[in-house]
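Colleague: Take a look at this one; I'll ask things after.
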Amino acid sequence: MAIGAGGDDVLVNRMVQQDKVPWYRKRNLRLLYLLMFPTCIGIEMTSGFDSSMMNGLQAVPTWDAFFNHPRSTILGLLSALYSLGSICSLPFVPLVTDRWGRRFAIAFGSVIMIIGAVLQTASQDFAMFVIARFLLGFGIPFAIVGASSMIGELAYPKERARIGSLFNASWFIGAIVAAGVTLGTFEMPTNWGWRIPSLLQVIPSLLQIVFIWFLPESPRWLVSKGRGEEAYAVLAKYHAEGDLNSEFVKLEYAEIEKTLELEKEQANRSSWRQLVASPGMRRRLLICSFLGLATQWSGNGLTSYFLARILDNVGIHDDRTKNLINLAMTCWGFVNATALALTVTKFRRRTMYLTCTISLTLIFTGWTIASARYEMTGSQAASRAVIAFIFLYSPAYNIGYNALTYTFLVELFPFHARAKGIAVFQWWGRAAGFFNQFVNPIGINNAGWKYYISYCVFLLFEVIFVWFLFPETSNRTLEELAFLFEGDKIRAEQQKRIEEDINNAPIPENASDKGSALYVEDRDI
């Protein structure tokens, strides 16, 4: 069985493209995706719930009074502690994810977040609330890095981009729930007006802990740990509906096994220095660091955490109106993010990122001009224009930074560096988020619309960066992308080894053994 030597000609990728059977007609694959929803995809719901809840709580009078009307520096600190917690945990995230597996990392992070949410609900003073925010932030990177890696490594190749995009789009489900809850509780005369939203933040993490054990482990992680027969069983079960003799599964397994073998020869997998050890890895490091900054410094932090203060600046002071706008904007974000996630496979990655950055630059410039005009003239038309630009901002941001971020990161890094690469992305994103969440309320309070100019400048830089440095990664398997920047010689060696393995290797022993940890009884869902 010959395998082509070049990029898109690799046989496993051609077989994927020729597969015309949709996922919902494949029983085992349908089961896999349904289990992914409350576990992996539910993790982003936690982030969305937190952002929207903090937005909504600023318009809850009892919360505002309980914490002595936090503004400027204090408000920034309350929001930024979430990001600070994430920054502190990130050095440990790849260790847990690579050593004990993707499933363990998700469960570990979820337990920490439950503790944080309980403390936040029971907060008796400012210090207790701050500690709770820190713990929530400390736990989330374990779950996000583990889940984004698992989705990319476990999903059927043809649906990888779509499932990865839905992972990020689920942020809005949590955000909608939080916006709706704070809208329903903001008039409560007691502290339960803000304690109820805090308590509900426990639910997504509980779902993750319950459902994670029904999901199989990443087959690539299993192969890396010498558990090839279990990995083969997973691939056959979910990618070939249990057919152990599937030619596609044989190709996929051989590609994973030989690519990981070659990766191990090329890099010291246990060291962070691998991220700067070669020109290709340094380019990956630069791109993922940029993405971490761009996903936070594109203006989204303003609408995610400080919408109430932005609306104050354009003459909207009624708390009910603020909460209604927050809920409407979140629902709109969910609609367009989901639509973009479902169509992500129809467009090239660079095209979507360029569309995203150019649109954001134009929209944010209009937003800044409208805000300036309102401050100078008090024009109600300018106030309504700001709200319109905020709603236009949502699909412009989601087309790239929401729909593609984790999909692109999983494609960008080879397996041995994937958890570390996503952790670096998270570090830059959380650091940028911490800076923004601390500085944004100060900037909004002191500079008003002039503060937005800094975002316009950075958005223009994003367009230039994407144009010159982003590679194209669409329509390739993860193994084809493993040596994206390493040159033709190593890719030729990769294909040679895969071909030899396919021609000579039998099915791994015990792949269908019911005693395997990965064996799953057939269930019709």
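Backbone N, Cα and C define each Cβ position, glycine as well.
Here TrEMBL flags 36-474 as domain 'Major facilitator superfamily (MFS) profile'. The annotation region 'Disordered' is assigned in TrEMBL to 505-525. Marked as transmembrane segment by TrEMBL: 31-54, 74-97, 104-122, 128-151, 163-186, 192-215, 327-345, 352-374, 386-409, 451-470.
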Colleague: At an 8 Å Cβ cut-off, counting only pairs 6 or more apart in sequence, do the transmembrane segment (104-122) and the transmembrane segment (31-54) clear the bar of 3 or more pairs?
Modeller: yes
Colleague: Going along the chain, which residues at least six beyond the ends of the transmembrane segment (128-151) come within the CB cut-off of under 8 Å?
Modeller: 36, 39-41, 43-44, 46-47, 50, 67, 77-79, 81-90, 93-94, 96-97, 102-106, 108-113, 115-117, 119-120, 122, 160, 163-164, 167, 201, 205, 208, 215, 217-218, 406, 409-410, 418-419, 422-423, 426, 430
Colleague: Any chance the transmembrane segment (163-186) and the transmembrane segment (386-409) have 3 or more Cβ pairs under 8 A, given the pairs are 6 or more apart in sequence?
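Modeller: Answer yes, regions in contact.
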Colleague: Are there residues at least six beyond either end of the transmembrane segment (386-409) with Cβ under 8 Å to its Cβ atoms? List them, or say none.
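Modeller: Apart from its flanks, the transmembrane segment (386-409) reaches 148, 151-152, 160-161, 164-165, 167-169, 171, 288, 291, 294-295, 298-300, 303, 307, 310, 314, 325, 329, 332-333, 336-337, 340-341, 344, 349, 352-353, 355-357, 359-360, 363-364, 366-367, 370-371, 374, 418, 421-422, 425, 473.
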Colleague: Could you pull out which residues elsewhere in the chain have a CB under 8 Å from any CB of the transmembrane segment (327-345), counting only those six or more residues past its ends?
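Modeller: Apart from its flanks, the transmembrane segment (327-345) reaches 48, 52, 158, 161-162, 165-166, 168-169, 171-173, 175-176, 179-180, 183, 303, 307, 352, 390-391, 394-395, 398-399, 402-404, 407, 474.
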